[in-house]
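A.B. asks: Dumping the structure here so I can ask a few things about it.
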Amino acid sequence: MRDVFEIRAQDAGGRVGDLHVPRADVTVETPALLPVVNPNVITVDPARFDEFGAEILITNSYIIKRDDDLAARAREEGLHDLLGFDGAIMTDSGSFQLSEYGEIDTDTEEILAFQHEIGSDIGTPVDIPTPPDVDRARAEDELRTTQERLELAEAVDVGDMLVNAPVQGSTYPDLREEAGAHAYATDLDVFPVGAAVPMMNDYRYDDVARAVAGAKRGLGADAPVHLFGAGHPMMFALAVALGCDLFDSAAYALYARDDRYLTVHGTEQLADLHHFPCSCPICTEHTPEDVRRMPDAAREELLAEHNLHVSFTELRRVKQAVRDGDLLELVEARAHAHPRTLDGYRALLDHAGQYEASDPASKDAFFYASAESARRPEVLRHRERLARLSPEGRVLLTEGPRHDGYDDCWRVTPPFGPYPRALSEVYPLTAETPVNMDREGYEAAAKGVARLAGEHPDAAFTLAHESWPADALDYVPPRVETLDLGEDLLTGPDGEA
Ligand SMILES: [Zn+2]
């Protein structure tokens, strides 16, 4: 059990937790967003970060170390005074510069010692951020190097500074899993899923989802997971549902520099905005026209402040959704705002079996909001549960009223399929579903009927449905008699009405 991280609430793969950071003597509530601070280019003063809700930030120890003046000040004053921030501080190692420029003039032992010396609370070794789509031999080779660096990092005396154990493996989910298992077996503390930035820059949220799901299979459930470089609020809900606990945002400042305005649905250009679709202090006190007329530095700062506000607001919304048990409803709403977040959500649903394990058995309500809802972990779990039920004799599965002409009369409801009436008030069968169900919902229900019939060969089943589409009924095996309640008269097994 890793004693730096405690999980307080869970929903799907998402969790609200406490990350204890001993060196800073603070407890950070997760999911947490770490604003990225470039000590040479301060866009928003870190002393003001608590106005936005930031309890932890990230800065780059390699940039500091390379600059003699900064390095001297950091050694003398300590990182917290240098940046004017008294929350927790995580430092990166220069791995990003390594991936951008091909070489750096430090190594794991030296940079960890430096991070410790300047007072970092969470340090990072020099791992190899393997980009997406490289050939497998390179991904394996670089992963071996990263793993050696983690083992070196274990041996460095860093006092009570926590240390990151990055999980690499490029776009190979099985390598991500192997990397996760190796990192988890070290005595390092926090687990960044690395090299996701190139994927996120190209909005490849499906590949991000597969990489995270792979890493999560290797890591223990009690491992705090950081999605390195994930700073756009449009994907926070998805990333949390995948099981990420920490995010860092350089986007708030980088986008502001280019007059880009973040929203939970995507990015807007300041030039295109007539109205600010946001109620943060910046957006309520200014019009887009006001902001456009400002000098560059003032405009950049205001946009960066809005970008932080919208990001932290979304993070609070995500945390509340985890506590309420409706995180997947939020993911689904976000997914349907952008085709690429939809790709990401669909990739998560491809792993519904994996995420079913951490999903609470009971929540407030299940809202069926789109065809994707038919693939949620709860639907899968209900189908699994059908194997453990005991239908006997002639069993009617009906969308209509109870009928006495059978040994037993169960309900059947898309997308879940059949269930005994006694379970009617049990989550998720209390789901709110649309009056006009989609084909995927009927198909999921028909698969449930097929599963029930397959698991219980000694019982005889009749399905009485409200005109399900033919391609859904194709999933129902021939041994299940079907009746359309819209057309057929429901009779008892002996023929009487
Ligand atoms: Zn705003």
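In case you wondered, yes, glycine gets a Cβ from its N, Cα and C as well.
Just so it is clear, the model here is predicted, and its values are computed rather than measured.
For D92, the entry in TrEMBL reads active site, nucleophile. The annotation substrate binding site is assigned in TrEMBL to D127, A195. Summarising the annotation, TrEMBL assigns Zn(2+) binding site to C278, C280, C283. Look at TrEMBL and you will find 13-339 tagged as domain 'tRNA-guanine(15) transglycosylase-like'.
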A.B. asks: Counting across all protein chains present, how many other Cβ atoms fall within 10 Å of the Cβ of C278 (Zn(2+) binding site)?
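C.D. replies: Taking all protein chains shown, C278 (Zn(2+) binding site) has 17 Cβ neighbours within 10 Å.
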A.B. asks: Between the recorded positions D92, D127, whose Cβ has more other Cβ atoms within 10 Å than any of the rest?
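C.D. replies: That would be D127, with the highest Cβ count within 10 Å.
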A.B. asks: Hey, for the Zn(2+) site built from C278, C280, C283, who else sits with CB inside 8 A of the CB center?
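C.D. replies: These residues sit around the Zn(2+) site: F276, P277, S279, P281, I282, T284, H306, H309, V310.
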A.B. asks: Compute the C-alpha separation of the residue listed as 'active site, nucleophile' from D127 (substrate binding site), stating it in Å without decimals.
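C.D. replies: About 10 Å separate the Cα atoms of these two residues.
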A.B. asks: Tally every other Cβ atom lying within 10 Å of the Cβ atom of C283 (Zn(2+) binding site).
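C.D. replies: Other Cβ atoms within 10 Å of C283 (Zn(2+) binding site): 21.
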A.B. asks: If the criterion is a C-beta within less than 6 angstroms of any ligand 1 atom, which of the recorded positions D92, D127, A195 pass it? List them in sequence order.
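C.D. replies: If the test is a Cβ under 6 Å from any atom of ligand 1, the answer is none.
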A.B. asks: Taking every protein chain shown into account, which of the binding-site residues A195, C280 has the largest tally of Cβ atoms within 10 Å of its Cβ?
C.D. replies: A195
A.B. asks: Which whole-number value in Å describes the distance between the Cα atoms of D127 (substrate binding site) and C280 (Zn(2+) binding site)?
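C.D. replies: Answer for this pair: 38 Å between alpha carbons.
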A.B. asks: Please average pLDDT over the domain 'tRNA-guanine(15) transglycosylase-like' (13-339) for the predicted structure.
C.D. replies: 96
A.B. asks: Could you give the Cα-Cα distance between C280 (Zn(2+) binding site) and A195 (substrate binding site), in whole Å?
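C.D. replies: Roughly 32 Å, rounded to the nearest whole number.
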A.B. asks: Determine, to the nearest whole angstrom, how far the Cα atom of C278 (Zn(2+) binding site) is from the Cα atom of A195 (substrate binding site).
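C.D. replies: C278 (Zn(2+) binding site) and A195 (substrate binding site) have their Cα atoms 31 Å apart.
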A.B. asks: Round to the nearest Å and give the CA-to-CA distance linking A195 (substrate binding site) with C283 (Zn(2+) binding site).
C.D. replies: 33
A.B. asks: Taking DSSP three-state, what's D92 (active site, nucleophile) in: helix, strand or coil?
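C.D. replies: Strand, per DSSP.
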A.B. asks: Taking DSSP three-state, what's C283 (Zn(2+) binding site) in: helix, strand or coil?
C.D. replies: helix
